[in-house]
Each structure stands twice: as structure tokens, then as C-alpha cells.
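> Following this message is one structure expressed as C-alpha cells.
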Amino acid sequence: MSLPPAYVHERTVLEREIQKNQPVDVLQFCANHFNKRLESQRAEFLLSGANASGSSASTFGGITASGGRASPALVPVESSFPGFNTTGFNSAASPPSNEVGPNDPIIEEEEPDMGQSPTASTFNKYNLGPKEGAASLSEQVARISASPPPPAASSTFASRGRQAQSTLSPPSAPSSAFRSPSPSNDFPSNYNMNRRTSVSAESMVPSSASEDWTPPFTQKTAEQIGRLNAAIADNLLFRNLDEDQTKQVLGALTEKTIRHKDTRVITQGDVGDFFYVVEKGIFDVYVNPAGQMTTGPEGLGRKVTSIGAGGSFGELALMYNAPRAATVMSTSPDSILWSLDRVTFRKILMENTFKKRRMYEAFLETVPLLSGLMSYERSKIADALETRSYPADAVIIQEGDPGDNFYIIETGHAEVKKRSEGPRVLKTYTKGDYFGELALLNDAPRAASVVAKDKVKVATLGKEGFQRLLGPVTEIMRRNDPSQQQQHPPVDGADDTDMGGVGVLSENYSMS
Amino acid sequence: MTSAASSPLPLSGFLPVASTHVLQSQRPQSNKLNPSSIPDSTGAGYSDVPKSAAASPNNTPFQGSGFLSNGGSNQNSNIQSPTPGFFMSNPLVLSPQVSANCSAALRDFHLSDPHSGHNSPAASSDTYFDEDDMEIDMTIEDPFSRNKMNLSPPSHATPTNINEAPQKIKTIVNARNTAETRNACPALHAHQFELLRTLGTGTFARVWLVRPRKEYRTSGAEFYALKVLKKKDVVKLKQVEHVLNERMLLSVSRPQPFIVDLYASWSDRENLYMLLEYSPGGEVFTYLRKMRRFNQIQTQFYIASVTLILEFLHDRGIVYRDLKPENILLDARGHVKLVDFGFAKRIGSQETYTLCGTPEYLSPEVIQSRGHTTAVDWWALGILTYEFLCGFPPFYDNSPFAIYEKIVQGRISFPASLDETTRDFVSRLCEADLSSRLGNLVNGARDVKNHPFFFGIDWKALGEQRMDGPLVPELSFPGDTRYFDEYPQPSPDFEPYKPEAHPQEESFFRDF
């Protein structure tokens with residue numbers, strides 16, 4: 001019976017070390033040697049733990065099989081693998097026992113992808129050996145940094161006071177002569193190390209106010225709209241769209257009938273301009289490992305999945321022009337697809353965002369407190385405004401609460417109420433109105449409540465965010481009026497003090 | 001290739017220790033980076049190193065000087081005297097195994113022309129360096145041959161200088177150096193240059209190492225990088241605007257030592273040309289992939305340099321939008337040169353909408369088409385820092401769309417080797433919330449520069465390039481290309497561009 005290969009390897013490594021160093025105290029040398037081995041293995045293990053959380057469900061090659069029957073092989077499972085606890089490794093993790101050089105304090109990443117990794121099996125070895133739990137992580141780290149650093153990463157650190165970290169950092173040169181025989185151990189095997197190509201959509205500028213661009217529109221039934229909405233709702237390209245954008249995108253989807261069976265809708269390797277949602281029929285997806293469809297009977301490649309009604313594919317084409325990652329073919333006559341082209345999609349998003357930005361900037365201009373802002377500062381704020389939605393009757397600001405955010409109404413109506421005034425509505429805010437801006441100045445509690453009357457969408461930014469972006473508001477106000485330099489806090493109008501920190505509408509802003 | 005025999009790099013690993021030391025004392029620039037010294041990370045053959053090699057602490061193989069003496073006419077010697085101080089000691093000390101592996105690395109770095117018999121760097125350098133009257137044997141396909149056939153000058157060029165004595169390229173360049181570089185330079189033509197080899201390729205562009213033909217040059221040591229963009233592809237891929245931006249921004253971004261210098265630009269019937277400074281160190285990408293990771297010192301240096309570039313560009317309202325190791329070159333002293341301004345744009349304080357960049361480096365706001373600003377460069381700086389230290393970017397997957405899912409989710413897992421300071425730095429840059437992203441806040445780039453990640457950096461010294469970089473290329477002559485990868489020859493293109501068919505684009509190209 002032969003000895004385990006891992007053991008043979010360890011022994012070889014040790015023997016080489018002994019030959020090289022000719023130690024006097026052999027026993028001590030061996031003990032030190034294995035301690036170092038443990039350190040590097042442990043470090044490696046920790047590293048692999050940090051990395052292992054990365055994988056998530058992914059679509060392949062820009063094709064989602066959301067509604068279809070995705071082949072299990074292609075749907076990556078949320079990463080978890082036996083015996084590996086990403087949260088608990090700090091104290092309990094065991095030093096792994098696979099093959100890495102003995103003098104090697106280098107920390108190498110482990111392959112995080114469980115599915116295809118040739119190294120996956122090595123994780124089974126990460127079982128806690130009874131002896132190794134002893135040293136705490138910090139001790140391990142300390143010893144790693146105390147051991148001779150790899151020559152390349154050496155020096156220069158001492159006077160920088162970062163010694164401990166630096167020696168742990170990736171070295172510039174593999175320093176050990178006894179490296180693991182499999183280089184794929186160290187790096188994600190599924191990461192393509194080649195040069196990466198830049199991608200770009202067509203350059204686009206928002207249409208000027210004079211030319212009014214309207215997106216293409218195809219009439220659809222409410223039921224169709226519902227289905228389409230469900231089909232795209234989870235897609236990262238659609239899930240952050242606002243209502244207007246979603247409405248226009250859904251409207252722009254164009255029906256496309258595929259008359260015949262075995263018609264290629266998209267062809268792997270071709271340029272992609274359209275995104276498709278399946279309305280009716282089933283479409284088969286083929287991937288040729290060559291990266292493009294080839295001629296011959298096997299040209300389509302392997303069938304990887306099928307996509308049925310409600311499924312979608314080709315979404316990468318909505319971002320930029322990239323070669324199609326798969327071939328998609330109809331399986332029955334008279335199938336129906338909805339299609340959307342990139343330029344239309346991007347134009348819808350751009351036009352809407354552009355208008356919204358200008359709207360925000362215009363709104364901000366009307367806030368007396370912020371009148372001292374330069375236009376680039378207003379852009380900056382507009383850039384950072386966060387959209388929040390409230391259902392009817394939701395409380396946006398609660399009287400008495402500490403004030404943090406200021407708000408601009410994008411859509412809907414909100415009512416101002418005060419406990420002292422009973423149920424009476426003191427004011428109704430509508431699109432373009434702002435409130436809560438005094439929170440930017442001071443921490444005074446809100447003097448009134450603002451409640452959504454119907455569905456309300458606001459753009460909001462907190463005091464912290466505002467100050468991080470532009471500095472203290474008081475400074476900005478000081479720019480405006482040098483005479484106020486000593487006064488703090490400045491007051492920007494009787495109305496505002498009356499409203500007690502809620503702020504007040506100064507003028508109506510309406511969008512064209 | 002006949003590796004070691006034709007190599008100018010004696011494998012010092014096999015030299016007796018004593019002679020290595022002698023060689024070292026003759027060559028004081030110990031931190032010069034030899035191409036062979038870039039560790040080949042494939043891991044093969046690292047064991048069984050002769051012990052004598054291991055005893056040499058710094059066995060940079062000597063080379064270069066012998067070839068320099070061949071090229072006595074070389075006044076622009078790139079060999080710099082060592083500048084101690086910036087980095088307290090030599091950050092790149094070679095491990096013995098590495099130079100033992102020299103021939104393997106050389107295979108990747110030597111300049112080889114498959115059509116000529118000259119395969120070693122030495123032979124190649126002889127070919128087009130030392131003898132001024134020696135014409136390179138241009139056996140590779142000359143993409144300008146078509147231009148030569150119809151020698152009619154570009155429509156906008158003044159034909160007057162055709163019959164005059166040839167004006168030296170250097171004279172033209174120098175004249176423009178002090179004057180306006182924003183206009184097309186009618187005095188320049190593609191046929192005035194010898195194309196020596198490809199330095200890089202893009203979707204519609206190819207960058208060549210060129211030398212002016214004999215009658216147009218002042219010395220044989222005059223080298224440039226010539227970026228040739230095919231009008232046909234630029235038009236087809238709708239990148240006209242990006243190309244114009246690139247030319248414009250490169251001409252307004254000078255002189256910035258960290259940005260590649262554009263000397264002149266012109267166009268002819270088929271192509272657009274940009275005559276650029278040649279940065280002989282090659283891409284940081286090449287070093288990174290060879291070395292797998294950079295250490296803290298190297299990373300700090302490159303990231304600090306890029307920070308200075310971003311500060312410079314953003315101060316001028318320019319967003320770069322394609323930060324990645326592939327676009328960062330090193331000059332002869334190991335300093336950073338940013339190249340490829342194809343996606344750079346002057347946006348001022350406005351947001352912009354065209355999706356462009358490189359998948360792994362895209363920020364969430366770009367992916368989701370929310371409009372983006374200079375803040376995208378700071379995001380990319382975080383990705384770059386991570387990739388430098390880890391060897392791969394924080395968000396990766398096989399399919400671009402899966403990368404985008406991860407970017408939008410925004411969870412970064414850090415290898416255990418990254419210290420808290422670095423993690424904080426990366427997390428603050430790769431921050432989806434624009435009111436929290438470092439670099440985008442009230443103090444702009446100053447916040448980035450003040451981050452403890454840059455502890456120990458002398459910003460002033462760095463900006464003035466007082467010291468050499470952490471990796472200094474070993475160059476034998478100004479046109480040395482050993483640090484550039486090989487690229488396949490351009491595929492013949494039989495479909496000529498028809499300027500008449502694109503009057504609108506042509507009108508833009510006129511000023512190129």
C-alpha cells in the first residue's frame with residue numbers, strides 16, 4: 001500500500017528544506033517547518049473563505065432564461081459547500097492541509113467557484129484538526145509577518161509602520177521554490193486573465209428642448225402589459241426604472257411574429273441590437289463553445305436551455321453592441337416575441353433621466369436656503385438625490401422627530417399637518433415643492449408632519465450626504481451674504497420660521 | 001526561438017556567484033526591471049534551482065549596456081541613474097528561481113518578427129536601431145500600401161510641401177509642441193513612417209511603433225507610437241464622437257507627465273492618425289498578469305499616480321471612463337502613462353449618458369443608465385486597487401451580465417491578505433451612493449489623497465517624477481519593445497472606405 005500523496009509531498013518538501021539548510025537541531029527545524037506550513041495554509045484558507053461568498057446566480061452570456069426551463073447545469077447554485085462556514089472561520093477555522101510551499105508566507109486565493117473548480121475537492125480537507133485550533137488568528141498573523149518576507153516584497157516597509165500588513169500583502173514574486181504543482185490553485189480558474197475589451201454604446205446626447213423626442217409606441221392590452229412587466233421586473237436593467245420609464249419601455253416593445261419553426265431569432269457571434277420577451281411559443285437556446293455559430297451539422301452547438309412565455313433573452317444588447325452569446329431558435333410555427341432595440345431603450349432612459357435631472361436642478365434653484373449654490377454644486381446634489389416612494393397616508397415627516405433629510409416632491413401630493421392644529425391641512429405640497437430643508441441647517445425637531453395624500457414620490461438627500469458633497473450649509477449661505485457671516489443660523493424668511501422647520505413652498509414649479 | 005543562445009540576457013542564475021557580483025557593481029541601477037525578471041507565474045519549473053543562484057541576493061541579469069555601445073548614436077539613453085530615496089530600497093528584488101526561468105519569460109517578451117530571421121531582442125535592435133542608414137526589412141503587411149498607391153494628399157492637405165525637401169518629423173513635432181496641437185497637421189503623412197511592429201490593438205484601431213523614414217528623421221533613435229484608426233470601422237461602430245473626443249482631450253491634456261503626449265494628428269482617405277509619445281515600458285497589465293499581484297508599495301505608487309491623473313482631468317471637467325491596467329503604460333523610468341482617451345469626455349459638471357468602459361470596471365450608475373459623472377473614475381480606481389493587490393477584479397464572472405449583477409449588488413469580498421486600510425480605501429471608492437463615494441465629495445481628489453492608504457507617499461515628489469517607479473524597465477534603446485506583447489498581423493481588409501458615402505462623418509474627420 002502506498003503512502004498518501006499529500007504526505008509524500010510534505011515529506012519531499014521537508015527533505016529538500018533539510019538539504020538546503022543543513023540544520024543542526026533537526027527536530028526543532030522540522031517543528032518550525034511544519035508550523036510555517038500551517039501558517040501559510042491557514043492564511044490561504046482564510047483567503048478562500050473571504051472569496052467564497054462571491055458567486056451568485058448568473059445568467060450565461062447575456063441570456064436570461066427567466067421564464068424558461070433552465071437547464072440545471074447552467075444555473076449556478078448559491079455558493080455553499082460542505083464544512084465551510086464563511087462567518088465562523090475567525091476562531092474555529094482549521095489550517096488546511098493541501099500542498100503549498102513550506103517557507104511560503106504568501107497568501108494565495110482559493111478558487112471561489114465551487115461548480116467547475118478542479119480544486120473543489122481540496123476543500124474537503126479543511127477539517128479541523130484537533131491540534132491546530134490553538135493559535136489565534138492574530139498570533140498566526142504575527143508569526144507570518146515575523147517570518148522572512150519574500151525577497152520581492154521586502155524592505156521599504158519598516159519605516160512606514162505597516163510591516164505586519166505589508167508582508168501579508170501579495171508579493172511581487174513567487175518566492176518559494178516549492179510551489180504547489182497546480183497553478184490554478186491560486187487564482188480563480190474561471191477568471192479570464194486576458195486583456196479586456198472596452199465596450200461602448202452609441203454616443204448619445206439628450207435631445208434639446210426644441211426637438212421633442214417621443215418613443216415608439218405599440219398598443220397593448222392591460223393583460224399583456226402586466227405580463228411584460230412581470231417578465232422584465234427582476235432584470236437589473238429594468239428594476240430601477242421609474243414609472244414613466246417603465247411605461248415608455250413597455251410601450252416601446254414591438255410585437256414580432258416568428259412564422260416558422262426553426263427560425264433563428266438571434267445567432268451566436270452576430271451583433272446584437274435587440275432584447276426579446278417571449279409572448280408565445282418556446283425557443284431553444286444553443287451555445288457553440290467556439291463562441292459563434294459555425295457551419296455544419298454541429299454548428300449550433302449544444303442546446304443549453306429553452307425559454308417559454310414570459311421568458312426573455314438578449315438583454316446585453318440593451319447595453320452595448322456585443323456579439324451574441326448564444327443562438328436562439330423557434331420550436332413551433334407562429335411564435336410571438338416582443339422586441340426592444342438598444343437605441344430606443346437607452347434613449348428612453350436618457351431622456352427621462354435628463355429631464356429629471358434638470359427638474360431637480362430647477363427645484364433646487366427655488367430653495368432660498370440653497371440659492372448660494374453654484375450650478376455645479378446643484379448638479380452634484382441632483383446627482384446624489386435618492387428617490388423614495390410613499391403610499392397614500394404614509395408619514396413622510398413626523399412632527400417632533402429629529403430632522404435629517406430634505407425632500408422634493410416628484411409626483412403626488414402631500415399634506416402638512418400639526419398636532420396643535422388638529423386634522424386641519426395647513427398646506428398641500430405638489431410636484432416641485434420642497435420641505436424639510438431646514439434639517440440641513442440644524443437638528444431642530446420637525447415642527448409639523450408631512451403625510452402623503454396619494455401615492456407620493458420624493459427625491460431626498462440627508463444632511464450628512466449634503467455636507468459630504470458640499471460642506472456645511474452655513475458656509476454656503478455665508479457666501480451669499482457676507483453680512484451674515486457672524487449670524488448663526490441664518491433665517492431665510494418669516495414663512496419658514498412659521499412652518500417651524502418644515503420649510504415652505506416658495507413658488508410652484510411646473511414641468512413642461 | 002532559440003532561447004538562451006540568442007538571448008542577450010545571460011542567465012545569471014547559472015553564473016558563479018562571484019561574477020554576478022562583479023556585474024552588479026558595474027551596473028548600479030539595481031532596480032531596473034528586466035523583462036526576464038518579471039516572474040512567470042505559471043509556476044512550472046520553479047524547483048531545483050542551483051544553490052549558487054539562491055545565494056545571489058539581487059541577480060538582475062546584466063544586459064543592455066553592450067547594446068547601447070553598439071548604438072553609439074543614441075543620445076536619448078533611457079538608462080537612468082538610480083534615484084534613491086523615494087522608495088527606501090529596492091522594491092523589486094528578484095527571486096533566484098525567476099531568473100533561472102529567464103528563458104521561459106523571454107519567450108514572452110522578446111521582440112520577434114515571424115517573417116524575419118531575427119528573433120532575439122538583440123537581433124531586432126540591430127535591425128532597426130543602431131545603423132541610421134539601415135532600413136528595416138518590412139516584410140509584414142504594410143497597411144498603408146493602399147495609401148501609397150494613391151499618393152494624392154488628403155483633401156484638406158496643402159499640396160505645396162510635396163516637392164520640397166523633406167521636413168524632419170521632429171521639427172514638425174517640436175514646432176507643434178510649443179504651438180497649437182488642436183488642429184490637424186497637414187505636413188504629416190503615413191508614408192513618412194516605417195511601421196516597426198504593433199504595440200496594441202483595439203476594435204477599430206491599431207497602435208504601431210514607428211520611426212520616421214530615413215529622409216524624415218533626425219536620428220535613428222527617434223521613435224513614436226502611431227495610433228491608426230480605420231475610418232470605416234469608426235463610422236460603422238458609431239464611434240466618431242469618441243474618436244474626436246480622444247484627439248481633442250489628448251491635445252488639451254498636455255503637458256501632463258502622466259498622460260501620453262499627443263504630438264500631432266492627421267488623416268487620409270482611409271485612416272485617422274495620432275502620433276503619440278512612445279512609452280517603452282509597456283502595459284501595467286502585462287506586469288500585473290506576469291507577477292499575478294503587485295505588492296503594497298507598487299500598488300500605492302501606481303494608484304497614487306492614477307489619482308494625480310484623475311485629479312488633473314477632473315479639475316478640467318474631463319471624465320476618463322476607461323481605467324484599467326491595460327490602459328496604463330510605463331515609461332522608461334517606470335512612471336505611469338495613461339493612454340487611450342477614446343472614452344474620455346469633457347463634461348464639466350454635467351452628467352453624461354453614453355454607456356462605455358470595460359465590464360469589470362463599470363460603476364452601478366453606468367450599468368443602470370442613471371447618468372454618470374467624473375465619479376465613475378473613482379469607482380474604477382477602487383476596482384483597479386483591488387485588482388492590483390489581488391490579481392483579479394472584485395466583480396467578475398464568465399458572462400458580462402452576471403458581472404453587472406454583482407456590481408449592482410455591490411458586495412466586495414476581500415482576501416484576508418488585504419489590510420483594513422486598503423479595504424476601507426476600496427470600499428469607499430467602490431461605493432454606490434454618490435454622496436459617500438470618495439473623490440466625489442466636497443474635497444474631491446484631496447479626500448482620496450489624504451486616505452491612509454497612501455501613507456508615506458510624497459505627493460509632490462511623485463507629481464514631479466523625482467524618483468523612479470517601483471518597476472523600472474530594462475531597455476537597451478529607445479525603440480525597445482520587449483515589454484509589449486505580440487499581436488497578430490492585421491487581417492487584410494478588402495473593403496475600402498468610401499468617404500463619399502459618409503459626408504457628415506467626413507466633415508468631422510476633416511479637423512482631425
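Using the three backbone atoms N, Cα and C, a Cβ is placed for every residue, glycine included.
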> Labelled region 'Disordered' by TrEMBL, one stretch among B:113-137, B:488-512. Can you tell me which?
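That would be B:488-512, the stretch labelled region 'Disordered' in TrEMBL.
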> Could you list the residues of the same chain, at least six apart in sequence, whose Cβ is under 8 A from the Cβ of B:K227 (ATP binding site)?
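The list for B:K227 (ATP binding site) reads B:A205, B:R206, B:V207, B:W208, B:Y273, B:M274, B:L276, given in order along the sequence.
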> Please compute the mean pLDDT of the model over the domain 'AGC-kinase C-terminal' (B:455-512).
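Looking only at the domain 'AGC-kinase C-terminal' (B:455-512), pLDDT averages out to 88.
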> By DSSP assignment, list the helix, strand and coil residue numbers for the compositional bias 'Basic and acidic residues' (B:495-512), in that order.
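The compositional bias 'Basic and acidic residues' (B:495-512) comes out at 10 helix, 0 strand, 8 coil.
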